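*Asks:* For reference, the structure I am asking about is given below.
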Amino acid sequence: MRSQPHVLGIVLAGGEGKRLFPLTADRAKPAVPFGGAYRLIDFVLSNLVNAGYLRLCVLTQYKSHSLDRHISQTWRLSGFAGEYITPVPAQQRLGPRWYTGSADAIMQSLNLIYDEDPDYIVVFGADHVYRMDPEQMVSHHIDSGAGVTVAGIRVPRSEASAFGCIDSDESGRITQFLEKPAHPPGTPDDPNMTFASMGNYVFTTKVLVDSIRADAENSDSDHDMGGDIIPALVEAGEAGVYDFADNQVPGATDRDHGYWRDVGTIDAFYDAHMDLVSVHPVFNLYNKHWPIRGAAENLPPAKFAQGGLAQECIVGSGSILSAATVRNSVLSSNVVVDDGATVEGSVLMPGVRIGRGAVVRRAILDKNVVVGEGEIIGVDLDRDRERFAVSNGGVVTVGKGVWV
């Protein structure tokens, strides 16, 4: 029986998330609220903790206050057994400069690796929505003998040009790592599908440290994990692919097995929320066998008064619907929808208030937005464009704290 390997988790959470503006105007992308009760960072941390990995460093940088606070308050572990989940802001250990890329973030944090001295390091992104058992990927990595293993999700070749793509042979060795190619490669067993990189990696420690140090000396590098480190290891013959379809999460349904969403744009963020609200959701937040953990707020239950109605909705704690109609929507905590108001196909973040008789359709309202009596959002997009951000898909986004 193989002894348990010593694994350190590094979560790359410094993303600025420009394509999610205005949701990222005041916070880092991994801190953006999601699903009525979570932040994006909670999905990767839940996956790692559920797998038993309890020594995790979260590298932060861009507007990280709310993210650092959330990690410190929500993800506290007992230190008696050496367990920790700690936010690590840019330390400027190598001089007065910030991180210049994801690989540079690890370069500036090598002291964390030296202190922990792990056998293997999982390096995961912080801004995707999915369930995964990372321990299965680590076991695959150890058995394969690769220096780095890249998680790949199967996507149709016709859609793969939007991703970093993996070309591999039948043994799982990666032969090419291509950034958004015009002609994506097929998988060894299906020419109509392509392995897209999920941005999740497992490294043998020496391989990661050596490659990070070599990259730091390369003045032509962008110091990016996917753009520089992985291609260099592919060229050296040290990279393998892990098929995400092989990952078996306890409690997963046939419908949500293999679910993974990059929510880097407003339209993708909106669509991922709509995946949550059907009777048989595409992604099931209610899997008790592999829970997604978030901040536990001390709030009263949601209240429906004077005939308030919610259909195909998620409604957060402390929310009140008073003689209002809400359909196909996600409401976070402390949302109030007043008499006669209608909310359809929308995402309302904590503290939002919808006034009497107001109408909100296909919209994302950030925290503490107040919509006045009789106001209309999401019906006249030309008018909305003069006031708010409107995505290519017609989703209206109202920034944090705006009074309409």
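Backbone N, Cα and C atoms are what each Cβ position is placed from, and that goes for glycine too.
Below are the features I grabbed from Swiss-Prot:
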{"type": "BINDING", "residues": "Tyr99, Gly164, Glu179, Lys180, Ser197", "note": "alpha-D-glucose 1-phosphate binding site"}
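Any idea what these are sitting next to in the structure?
*Replies:* Around the Cβ of Gly164 (alpha-D-glucose 1-phosphate binding site), the same chain contributes Phe177, Leu178, Glu179, Lys180, Ala196, Ser197, Gly199, Gly226, each under 8 angstroms and 6 or more positions distant in sequence. Under the DSSP three-state reduction, Gly164 (alpha-D-glucose 1-phosphate binding site) is assigned to strand.
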*Asks:* So if I measure Cβ to Cβ from Tyr99 (alpha-D-glucose 1-phosphate binding site) and keep only same-chain residues at least 6 apart in sequence, which ones fall under 8 Å?
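*Replies:* In sequence order, the residues whose Cβ lies under 8 Å from that of Tyr99 (alpha-D-glucose 1-phosphate binding site) (at least 6 apart) are Gly14, Leu59, Gln61, Ala90, Ala105, Gln108.
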